[in-house]
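Engineer: I grabbed these lines from TrEMBL:
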type	residues	note
BINDING	HIS65	heme binding site
BINDING	TYR77	ubiquinone binding site
TRANSMEM	12-34	transmembrane segment
TRANSMEM	40-64	transmembrane segment
TRANSMEM	85-107	transmembrane segment
Amino acid sequence: MRLLSGQRAWLLQRITAVYLGVFTVLMLGYFVFFPPADHALWIAFVGHPVVGLLTALGVLALLLHAWIGLRDVIMDYVHPFGIRLTVLILSATGLLVLGLWAFAILFKAWLS
């Protein structure tokens, strides 16, 4: 917990927010001007190494951003230690499952 306390957590949250904002604007802009016509084009787009890498970084940024935010809210508003620990573990487990699922999808797109 010490690693993500205070100024480090604040800075990491701001950095991930900037990355996610830029990534979202770029992706929305791309899809507005060049929408994939079918599933094959979508897979080709996501399977491109640069897009895949940027998307993987986006997933990592989103998970880190969500963890810092959830952790801070839980630490501030859930006071009994046992309940706080349980909620933190459930939150971390949920984020881990979602992250693994996202990377499995990206890996599957890279293979095809």
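Glycine too: its Cβ is placed from the backbone N, Cα and C atoms.
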Engineer: State the residues, same chain only, that lie 6 or more residues beyond the ends of the transmembrane segment (85-107) and have a CB under 8 A from a CB inside it; answer 'none' if no residue qualifies.
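Structural biologist: Those are 46, 52, 55-56, 59-60, 63, 66-67, 70-71, 74, 78, in sequence order.
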Engineer: Same-chain residues six or more away whose CB lies under 8 A from the CB of the residue listed as 'heme binding site'?
Structural biologist: LEU12, GLN13, THR16, ALA17, LEU20
Engineer: In terms of Cβ proximity under 8 Å, which residues at least six beyond the ends of the transmembrane segment (12-34) contact it?
Structural biologist: 4, 54, 57-58, 61-62, 64-65, 68-69
Engineer: I'd like the Cβ neighbour count for TYR77 (ubiquinone binding site), meaning other Cβ atoms within 10 Å of its Cβ, all protein chains included.
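Structural biologist: I get 9 for this one.
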Engineer: If you run the three-state DSSP split on the residue listed as 'ubiquinone binding site', which class comes out?
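Structural biologist: Its secondary structure by DSSP: helix.
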